[in-house]
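Asks: The structure follows.
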Amino acid sequence: MESCNCVEPQWPADDLLMKYQYISDFFIALAYFSIPLELIYFVKKSAVFPYRWVLVQFGAFIVLCGATHLINLWTFTIHTRTVAIVMATAKLLTAAVSCATALMLVHIIPDLLSVKTRELFLKKKAADLDREMGMIRTQEETGRHVRMLTHEIRSTLDRHTILKTTLVELGRTLGLEECALWMPTRTGLELQLSYTLRQQNPVGYTVPINLPVINQVFSSNRAVKISSNVPVARLRPHAAKYMPGAVVAIRVPLLNLSNFQIYDWPEVSTRSYALMVLMLPSDSARQWHVHELELVEVVADQVAVALSHAAILEESMRARDQLMEQNVALDMARREAETAIHARNDFLAVMNHEMRTPMHAIIALSSLLQETDMTAEQRLMVETILKSSNLLATLINDVLDLSRLEDGSFQLDTANFNLHSMFREVLNLIKPVACVKKLSLTLHFASDLPVYAIGDEKRLMQTLLNVVGNAVKFSKEGSISITAFVAKPESFRDIRFPDFIPVPSDGHFYLRVQVKDSGSGVNPQDIPKLFTKFAQNQLATRNPVGNGLGLAICRRFVNLMEGHIWIESEGIGKGCTASFIVKLRIPDRSNEFKLPYMPKALVNHGSTSIAGLKILVMDDNGVSRSATKGLLMHLGCDVTTVGSSEECLRVVSQEHKVVFMDICTGLDGYELAVRIQEKFANRQDRPLIVALTGNTNKWTKENCTRAGVNGLVLKPVSVEKMKSVLTELLERRFVFETV
């Protein structure tokens, strides 16, 4: 058989079928060649596709597939070996690229799937982010509205303005048709319509507080949607075709409700709420959004805080007003008290002078009568008169001292004095009474007790006389011992009194005095009463003695001297011990041995003669003038008396060595003293002026000193006292009795 280079046709020789295959291969090749062009355009335009090399493989695969189909156009007819080789090469390349692409897809498909998953995840995240951004924008909008509302609400502290502003701002911010505030009534059983936005319903309308819808709202701290048909939501009259909008209600805590009243708010409530009702516009499909409800809740809390601040402000303003009223009342009471004190002091000053003036006559004339010859019975009667008069004078002194101590006008008169001599003088004064009662009286000084001290000698002596006098008064037999010593700092620990705190200091010492008696004693329960005014020691004798002022005055004197006084007793019939501590100053060594002001009893009167001394007496009271004249004439003086200042100025001359003048509460006496000194230009020709007064205040002494008065003597005056005054006046040219 002869060889041939032709190839047998693969398909049956059917021209029509061949024609269809030919056309199909042509269009397949055309489509395959167009796809790579599209891929190249996509890769060129896409900047984010991550698998460009895969697209290159797909392009090569498609081009080769197209090439095989294009080559098939030549294989339907007899073809040469060259065409067969080309055909085989194309198919081999197509097979290699196809296998490589298939294998590559095995690795790429999971990545492609993950890319799709990430895309979905990112889309979801983007959606969530958009939603969160929307919420943030909503919260920012809500916060802006809240800040705006809070600023408006807190721009005032008036409760009515706060509540009205809240409704107006909420209505404007949320576009409300109506907004209302229901307040609890005084009884707490009803809610009363108190504020509305549009004022379409009359204020004052009430509903029961126990309605289910109200309980529902009060039990929650969130805004609650309620029906528009409930009583608290009927905020405007219903029209024929009226469709109310959506309604919410929220409670508003009423803090410190008892501090303010609005439309009969309850005065006392442990937990009370107001009700705020808000309505959207009617005939609309608008509903409440979450951020709007949150805005309402925040505003309700802000309103509660603002109301509490307003309540606190009103409470403080009311307290301020009450305080101002109290201050006004206290100031009026203080003025009235000061007026009463001044009136009392004026009364006491006048009464003091008016009482001492007749007492001066009684004591002066009684002492003169005592100098005459009398029977024993008459002498006893005169002594009784003098004793009673002296007791009355002591009572007057005590009342005046107590008055000055209580109103704070009393001041201590401190000076250098002999402490030992003061104790001995008290002992000499008390001894006659003690001897009559056959009482043993002893005085003990500690070795370290200073001889001299600086303090108020008269008040210290008055305190000691009162304490020792009480011991003698309430002792029928036995002994009385007086002990004086310096209280050491370590001994203060034994004195347990809450109102006494010793404060040792340089240049001072604490004098402690103990007076122990074996008398009737005191019931321990009655000891505190002894230091009160007008308290008397009630003993078995049933005869209370004294006026009850002595220890009360002593206690105040001791307190002024930074000390303390107390009494100790084991009971009735067991005696008692009275003790007191006072703070005294230690004098400088340079002044220690200077002669202090000596008591009148110790002054030597023998060296001065007062007989024949020409004296002028001026007193507008005739009885007192006669008594003073009698005392001076008894002492041998040449006395002239006048009854007025004018007469005194006319009569006084260089022959008068002393002028006794009565000084009462007015200024006539002081002016008279100045006029007398002006009358005599030569100082040596001026008479010594002595003021006889019943006033015991410090201003009397100051006024006398300013007027140039040489002496001040307190009424009443006895023969001995007058003699002592004249002697001292002539020796020292001044004599001021401590008042």
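Keep in mind that glycine also has a Cβ here, set from the backbone N, Cα and C atoms.
Below are the features listed in TrEMBL for this protein:
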- 20-41: transmembrane segment (TRANSMEM)
- 53-71: transmembrane segment (TRANSMEM)
- CYS65, HIS69: Cu cation binding site (BINDING)
- 83-109: transmembrane segment (TRANSMEM)
- 350-588: domain 'Histidine kinase' (DOMAIN)
- ASN470, ALA471, VAL472, LYS473, ASP517, LYS533, LEU551: ADP binding site (BINDING)
- 614-730: domain 'Response regulatory' (DOMAIN)
- ASP662: 4-aspartylphosphate (MOD_RES)
- LYS715: ubiquitin cross-link (CROSSLNK)
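Map these features onto the structure and tell me what's around them.
Replies: The Cβ of CYS65 (Cu cation binding site) has 21 other Cβ atoms within 10 Å, all protein chains considered.
Within its own chain, VAL472 (ADP binding site) has ILE430, VAL433, ALA434, LYS437, LEU439, LEU441, ILE480, ASP517 as residues 6 or more apart in sequence whose C-beta sits under 8 angstroms from its own.
Summed and averaged per residue, pLDDT over the domain 'Response regulatory' (614-730) gives 85.
Cβ neighbour count for ASP662 (4-aspartylphosphate) (all protein chains, 10 Å cutoff from its Cβ): 23.
In sequence order, ARG356, THR357, MET359, HIS360, SER624, LEU692, THR693, GLY694 are the residues near LYS715 (ubiquitin cross-link), counting only same-chain partners six or more apart with C-beta under 8 A.
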Asks: Around ASN470 (ADP binding site), how many other C-beta atoms are within 10 angstroms of its C-beta?
Replies: 23
Asks: Can you figure out which of ASN470, ALA471, LYS473, LEU551, ASP662 (the recorded positions) comes closest in space to CYS65 (Cu cation binding site), comparing Cα atoms?
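Replies: Looking at Cα distances from CYS65 (Cu cation binding site), the smallest one goes to LEU551.
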Asks: State the count of C-beta atoms found within 10 angstroms of the C-beta of LEU551 (ADP binding site), not counting that atom itself.
Replies: 24
Asks: Under a criterion of Cβ-Cβ distance under 8 Å and sequence separation of at least 6, what residues of the same chain contact ALA471 (ADP binding site)?
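Replies: Listed in sequence order, they are ILE480, VAL515, LYS516, ASP517, GLY519, ALA578.
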Asks: In whole Å, how far is ASP662 (4-aspartylphosphate) from LYS473 (ADP binding site) when you measure between their Cα atoms?
Replies: 36
Asks: Of LYS473, ASP517, which of the binding-site residues has the most Cβ neighbours inside 10 Å?
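Replies: Counting Cβ neighbours within 10 Å, the top one is ASP517.
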